């Protein structure tokens with residue numbers, strides 16, 4: 001296992017350093033750009049949202065200067081060797097705990113606690129055999145129904161994450177009074193309250209005990225911060241601001257490590273391995289970012305479509321956070337290119353094309369024929385050539401690695417995205433106001449989430465040839481949930497992020513039109529309830545060991561559902577604007593995970 005870990009890291013780093021860039025057959029030309037102001041019939045809906053904040057999305061000079069800071073091959077070799085040695089140390093510790101567990105009952109609790117630390121540090125996959133052995137179902141069941149709040153809630157979380165059926169009401173009922181309220185003697189159990197707060201976000205719907213758990217733990221942790229010692233107070237504050245289940249684990253891991261380093265009893269090997277792991281992952285992501293940056297600069301679309309968003313770092317952050325693991329480096333790079341085209345095509349529809357041009361653009365995509373785009377403006381032809389090349393390259397890569405060529409399914413996914421954008425264009429040009437539910441259904445498609453995840457599904461080697469058409473036509477909940485969460489969050493932040501001319505709609509705006517007696521705050525609260533409902537549905541999909549009830553014939557690999565969950569976790573970060581129209585949490589994520 002250890003050798004596999006390091007060969008995965010080293011081979012991924014070498015591939016990023018040496019792999020040739022997958023460039024389009026012809027780069028876009030900046031000399032033939034088309035100004036949206038000169039295009040008759042064009043409707044500018046997002047004219048103020050054409051350039052990102054430099055504080056969050058550094059420009060080319062900043063990114064170029066950063067590339068000179070990358071370590072040498074010798075530095076990489078030293079990092080990998082240290083990671084290998086520390087992994088051996090932690091593995092030896094886990095084996096020692098296993099032997100102790102065989103002798104004493106308390107050893108089981110120690111092993112479960114270690115598994116929790118490894119998961120919070122995003123390192124459990126290096127020790128999968130040991131983790132599986134420690135996750136004894138009988139022990140977890142015993143702890144979940146015991147009388148210790150920390151043990152019970154931790155066991156509940158681990159069991160639910162593993163797909164086991166476990167009742168929140170049964171587990172938490174032991175800690176409530178006759179009225180179903182949590183007993184007051186748990187108000188001072190800080191670690192128990194933190195664990196209770198963790199599981200309160202794992203609601204799969206109609207779990208009243210978890211709603212009460214969230215209210216009870218939040219209220220008492222907030223009041224406890226004032227008297228806790230500083231290190232624990234910071235950890236509690238961070239846990240409340242960024243709840244474990246709905247936050248990116250990579251980000252939480254850094255804060256968990258900082259907390260572990262303040263404890264009187266420490267596991268030095270595990271802490272040092274976490275630091276080495278952070279360094280290697282950051283290095284790998286920096287190299288991936290450099291390759292994507294080179295591809296984007298050589299492509300030339302930023303010069304040809306100057307009003308379009310030029311946010312290479314933002315596009316990469318989506319994939320960096322959703323798809324984890326050194327072995328999936330190439331997957332992150334190629335899917336970042338797909339994400340970039342979603343943004344560029346959105347801007348072409350919003351800012352550049354007339355309805356007639358966009359209709360022809362959509363038809364060319366349906367035909368998947370470059371010649372069909374000959375009559376289009378230069379920027380559209382260049383965009384089509386680029387996305388056509390990248391998509392075909394991905395299909396060829398999937399065929400080489402997995403023996404299936406998914407190009408027909410990928411073409412259909414692209415056509416679905418363009419049809420969704422075309423629907424919005426028709427609404428706008430005709431002055432038509434869709435109802436909120438119709439808007440949201442189309443918004444799932446135009447979010448780009450289904451398109452990206454269709455590509456991901458095939459790149460992971462999952463053969464859905466029997467039902468891929470159904471996957472595209474009837475988007476499964478594991479994809480529609482993060483897509484709806486993204487669309488609704490985006491709409492909540494659109495007033496801060498965009499200055500729109502005309503009504504291309506937001507769910508909140510349309511809902512207010514349908515309910516004229518509501519105040520804006522009530523409509524926003526309705527949207528937040530919808531987001532919470534989508535999280536509950538996504539939890540059901542991710543925590544169920546059986547196929548989805550909505551699509552019983554379809555099961556997805558664990559890496560796929562984890563990516564969907566991570567995408568949902570990142571939405572609030574990507575659209576969490578503060579009062580000054582900044583994204584401070586995203587800035588913190590990027591600084592911590594990439595630079």
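Any Cβ shown, glycine's included, is placed from N, Cα and C.
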Problem set entry | (2E)-geranyl diphosphate binding, same site as 346, 350, 487, 490 - Swiss-Prot member from 309, 381, 385, 528 | 309
Problem set entry | Swiss-Prot annotation of region 'Disordered' - which of the ranges 27-54, 55-82 it falls on | 27-54
For this session: Quick one: among the binding-site residues 346, 350, which has the most Cβ atoms sitting within 10 Å of its own Cβ?
Result: 350
Problem set entry | For residue 490 ((2E)-geranyl diphosphate binding site), the number of other Cβ atoms found within 10 Å of its own Cβ | 18
Exercise. Of 309, 487, which of the binding-site residues has the most Cβ neighbours inside 10 Å?
Worked result: 487
Seminar exercise, completed: On average, residues of the motif 'DDXXD motif' (346-350) score a pLDDT of 95
